[in-house]
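Asker: From Swiss-Prot, for reference:
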| type | residues | note |
| --- | --- | --- |
| ACT_SITE | T40 | active site, charge relay system |
| ACT_SITE | H43 | active site, charge relay system |
| BINDING | C38, H63, E64 | Zn(2+) 1 binding site |
| BINDING | C93, C96, C99, C107 | Zn(2+) 2 binding site |
| BINDING | I175, D195, R200, L262, G263, I264, I286, Y287 | NAD(+) binding site |
Amino acid sequence: MKALAKLKAAPGLEMTDVPLPEVGHNDLLIKIVKTAICGTDIHIWNWDEWSQKTIPVPMHVGHEYVGVVAGMGSEVQGFKIGQRVSGEGHITCGYCRNCRAGRRHLCRNTTGVGVNREGAFAEYLVIPAFNAFPIPDDISDDLASIFDPFGNAVHTALSFNLVGEDVLITGAGPIGIMAVAIAKHVGARHVVITDVNDYRLELAKKMGATRAVNVAREDLKAVMQELHMSEGFDVGLEMSGNPQAFRQMLETMNHGGKVALLGIPPSNTAIDWNQVIFKGLEIKGIYGREMFETWYKMVALIQSGLDISPIITHHFKVDEFEQGFAAMLSGQSGKVILDWR
């Protein structure tokens, strides 16, 4: 079958032929319809330090997808051939304390589709049936293909009660932009997002941001005054991994505020701990998606009227994958989708 793979320890990916994956007795074989390019795939494309330490070579990558069930193992129940599915890309052990307690997103033995094992940038993918998620008929292939990052946004944004709250989102990547729409949909008051990328800040405006602030030109505290915010933000969603953005978030949080961290700052990032301690801030790290509560919430949000479609800005046939990666690398895109049909 055709697959998009890292064939050598160097930047880029290559289209190649690989054997069809073997289907275990608890597995689903999924015929891929559409995939989306993730920021992780950009790291792999660039072959940065993290990728060099993490990605086995050769291997085909990718983990954002939608497809149809093309085969199943002898013990699989609850699925049928031709059914549309996406799937949770974190494969968990099922036996550690967190897995047995129903907290699979915290499994210490997690392996990642397209990171530690063969991925979805291929004509077919095999995953445990446990990880597959049926897609309702009223949700498009485009939206289903980005359920993985949409789930990151849902998990982060809904970590705290947002009703009537003032929310600061730092980082206008696709996940941060989707978090804007989620926060507004569930009843946040002001939703302010910061970045230095005007293209993506404009996307955030389309998704409902009260203010989209280019911090290279605008002062965040002046924006807060403009919005008559006298006490600070109630909830912070840090999506950038940028140390200065994180520091500014802590400075502008209200006392008793809550911060969710999805972005990954450098390990030597220094912050003013007085902001955390004397404000009584609550800081929560976010990883992946809750299995599978986040997935059910994604469906419910879309079916109740949440529109995240503006985040999808580019479509390419999979043979045009280099153009798709170029669009992502340019910073002038939202989500980029590759069509495998």
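Backbone N, Cα and C atoms are what each Cβ position is placed from, and that goes for glycine too.
Just tell me what is around each of these and how deep it sits.
Answerer: For T40 (active site, charge relay system), the count of additional Cβ atoms within 10 Å of its Cβ stands at 22 [all protein chains shown]. DSSP assigns T40 (active site, charge relay system) to a helix.
H43 (active site, charge relay system): 17 other CB atoms within 10 A of its CB, across all protein chains.
According to DSSP, H63 (Zn(2+) 1 binding site) is assigned to coil rather than to any helix or strand.
The secondary structure of C107 (Zn(2+) 2 binding site), as reduced to three states from DSSP, is coil rather than helix or strand.
For G263 (NAD(+) binding site), applying a Cβ distance below 8 Å and a minimum sequence separation of six or more within one chain yields T170, G171, E238, M239, S240, G241, N242, A245, F246.
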Asker: I'd like to know which of these binding-site residues, E64, D195, is least surrounded, judged by other CB atoms within 10 A.
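Answerer: Among the binding-site residues E64, D195, the sparsest Cβ neighbourhood within 10 Å belongs to D195.
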Asker: Would you identify the secondary structure of Y287 (NAD(+) binding site) according to DSSP, in three states?
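Answerer: Assignment for Y287 (NAD(+) binding site) reads coil.
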Asker: Of all the binding-site residues given, C99, I264, which has the fewest Cβ neighbours within 10 Å once its own Cβ is left out?
Answerer: I264
Asker: Once near-sequence residues are set aside, which residues in the chain of H63 (Zn(2+) 1 binding site), 6 or more away, have Cβ atoms under 8 Å from its Cβ?
Answerer: C38, T40, G89, G112, V113, G114, V115, G119, A120, D148
Asker: So among H43, E64, C107, all listed as recorded positions, which is physically nearest to D195 (NAD(+) binding site)? Use the C-alpha atoms.
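Answerer: Nearest candidate: H43.
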